[in-house]
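J.: So that we are looking at the same thing, I have put the structure below in C-alpha cells.
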Amino acid sequence: MTAPVLRVRDLVKEYGEGDARVRALRGVDLDVDQGDYVAIMGASGSGKSTLMNILGCLDVPTSGSYRIDGADVGLLDEHQLALLRNRRVGFVFQSFNLIPRMSALANVELPLMYGGVGQAERRSRALAALEQVGLSDRLHHEPNQLSGGQQQRVAVARALVTAPALLLADEPTGNLDTSSTRDVLDILDRLSVSGRTIVLITHEDDVAAHAKRVIRLVDGAIVEDRRQAPVDGPPPRLAEAVG
Amino acid sequence: MNRLEILRFALRGLLANKMRSALTTLGILIGVAAVILLVAVGEGSSQSIQKNIQRLGANTLTISPSFTGGGGGRGGPGGGGGQNTGPRTQARQLTLADAEALADRAAAPSVASVSPVVTAGSATATYEAASHGIGQLVGTYPSYFEAMNRQVARGTYFFNDDVLAARKVMVLGTTVAEELFGDLDPVGRQVSVSGVPFTVVGVLKESGSTGMQDADDVALAPLPAVQQSLTGFGSLGSIVVRATGASATATAQAEVTAVLNQRHGITGTAAADYRILNQATLQETVSEATGTFTVLLAAVAAISLLVGGIGITNIMLVTVTERTREIGIRKAIGAPRGAILGQFLMEATLLSLVGGLSGVLVAFAGTRFTIAGIEPVLVPSSVALALGVSVGIGLFFGGYPANRAAKLRPIQALRHE
Ligand SMILES: Nc1ncnc2c1ncn2[C@@H]1O[C@H](COP(=O)(O)OP(=O)(O)O)[C@@H](O)[C@H]1O
Ligand SMILES: [Mg+2]
C-alpha cells in the first residue's frame, strides 16, 4: 500500500478571539488513499467547508498536521503552496467561482498559464478538459452566458486541467438543479473510475451514494466513517449499473 | 507566466472598465500636459524677456538724467556753488561735456566707448507720397551701433566724419524702411524728416519685436545733425557707455559714477541727478524674477499632477478592493503572488504611462502655439519629471493595494465582500 494522498492528524481550526472564538474543527484525523472517493456529510456549521479549505491549502489550521503525498503542507512557503494548489489539488466551489468576463476556455486555461504551460499545449489541454465535461460547444461563452450547471462543469474542467492527484469539491451540486447535478456527478464518477482521488462535501444522501466512503462530521469532529465500496473498485453507482 | 501574458491580463482588466480607465488616464494626461506646458510658458517668457534685454546690448550702461528727489532748481543762474540747502541744490542735465569726460581713458579706463544720445519724439518722415511717424529718432555717435548691438543689413553705418561734419545722413530700422519705401532699396534716397532732408545710407538688421516696443521702428543719425534740425543743442537724452568687457561693467559703473559725481558736484549722501541702468544687473534681476515666475507655474502644474496621481491611487484602490474575490480565485487555482502583483502593477503602469505619454503629446502640440503672447519653450527635464512622477505614482499607489491583496490567504480573499 502506498502512502495516503491525504493524511490529516489532530487538525484544529479556531476562528476569532476571546469570547467570539469558534472551534470549527476539534481534532480531526483522516487518511485518504489514492483512488478513493470520499463524501463528507454533516449539518450546516459542522465544519465541512473549514476542513475542505484546509485540505485545498486555501486556509491554514490553528494546529495539527496535514500532508499531501507525504509532504508536510505546514512547512511549505508561499511559493511552494502556490505550486501545490496549481499542480496537486483541483478545487471546485459551490458558487463556481469562475472569473467574470473571461471565456470558458480562458478560465480553464488559467491554471495552466499560472503553471507555466506553453500556449499551444495549454490550448489543447483546456479543449480536452472542456470536452470531458461536455462543453465543447460553449468554449467562448463567458460565465454570465452559461447556466449554473454549465458554469460548474467549466469549474470542474478548470480543476481537472492540471491533472491533479486530488479533486476537492465543496458542495459542487449545492446550487444546481437535478439534471445538472446528475451531469456533474456523472463526471465525478467517471473521474473516479479513471483513478482520480476525490473528496466532496454534500448534505444530500443521493449525492453521498455516489461515493465509496462516507464521513460524517458533527461539531467539528468525525463521528462516522463508513465505506460503501472498495477503494480500488468502481464507485458504487457505476458498479450497480454494470452489475 | 511571461510578460506578454501579464500584459494581456492587464489590458483585459483595464478594458473591462473602459470609462473608468479613460477618466483616470485623462487625469494623468491633464496633469502631465499642464506641468510641461506651464513650465514651457514660463521658460518661454523668461527667454523672451532675456532676449529683449540682451538686444539692448551686453556690457552697456545707460545713463539718463534723474530729477526725482532733487531739492534744488534746474540749473538756475548762480546756483552752482551753494551746497548747504539740502541733499542736492541743483540738478544738472547730461551734456556733451559729460560724455566727453567719460571718454577720458585716464579717468574711466573700463569704458570702451561713449555715445551721447538725443531722441526726437514725434518726428515724421516722408518719402514721396509715403509718410511715417518714426517711433524713435536717435541722434548719436557711430559707437552707438556697437554698444546697442545694432548691425546694418544694407548700406553702411554713418561714421565719425559724418558726425564732425553734421551730415544729414540716416540709418533706418526695417519698420521705417518698409513703411516709407516698401520694396524699394532706400539706400541713397532722400527722406525728409520734419521738413529736413536726410540721405539714407543704411538699413538696420531686423531685431524682431517682442513685447511692447517695436525695436525696428527707429532711425539713427549723427548727433549734431539731429540737434541742428530737430532737437536743438540743449542737453542730452542719455549717454550710452560700453564697458570693456562683461566683467568690467561694475568697475565701469563705479568710474562713471565718480566722474559724474565730480562734474555734477554730488558729494556724500546727496542724491545723484542721474541714473545708471546696468544691463548686467538688470538681466540678473529679471532672470531672478522670471525664475520665480516659472517656479510658481511649475508648482501650480505639480498640484494638478498630484491630483491626477491621487486619481490613479483611488482607482487602483477601488479596482483591487472590487477584485479581491477574483484575486482569491486566482490564488486558489495556484497563481503565485508575483503573477497577481505583476498584473495589477502592469495595469497601473499602463494607465499612468498611456496618460503620461498622451500628456506629453498634448504638451508638444500645445507648445507649437503662442500662448498669451508667449512662445513656449519645452524644457526637457520637465518632460522627464512629469512622466517619471506619473509612472512613479502609478507604480507605488497601484502596487501598494495590490501587494496587500496578493498577500492574503486565498480563503480570506475569496470571502471578501
Ligand atoms: N471566517 C470565519 N470566521 C468565523 N467563524 C467562521 C468562519 N468560517 C466558518 N466559521 C464558523 O465555523 C463553523 C464551521 O463552519 P463551516 O466549516 O463553514 O461549516 P459547514 O461548511 O459545515 O456548513 C461555523 O460555526 C461557522 O460559523
Ligand atoms: Mg460549507
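Cβ atoms are placed via backbone N, Cα and C, with glycine included.
Just so it is clear, the model here is predicted, and its values are computed rather than measured.
Annotations per TrEMBL:
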COMPBIAS  B:68-84  compositional bias 'Gly residues'
DOMAIN    B:21-258  domain 'MacB-like periplasmic core'
DOMAIN    B:299-409  domain 'ABC3 transporter permease C-terminal'
REGION    B:67-88  region 'Disordered'
TRANSMEM  B:21-42  transmembrane segment
TRANSMEM  B:293-318  transmembrane segment
TRANSMEM  B:339-365  transmembrane segment
TRANSMEM  B:377-400  transmembrane segment
J.: Which range out of B:21-42, B:339-365, B:377-400 gives the transmembrane segment (B:293-318) the most CB pairs under 8 Å?
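T.: Result: B:21-42.
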J.: Helix, strand, coil residue numbers for the domain 'ABC3 transporter permease C-terminal' (B:299-409) per DSSP?
T.: 91 helix, 2 strand, 18 coil
J.: For the domain 'MacB-like periplasmic core' (B:21-258), what's the model's average pLDDT?
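T.: Mean pLDDT, the domain 'MacB-like periplasmic core' (B:21-258): 79.
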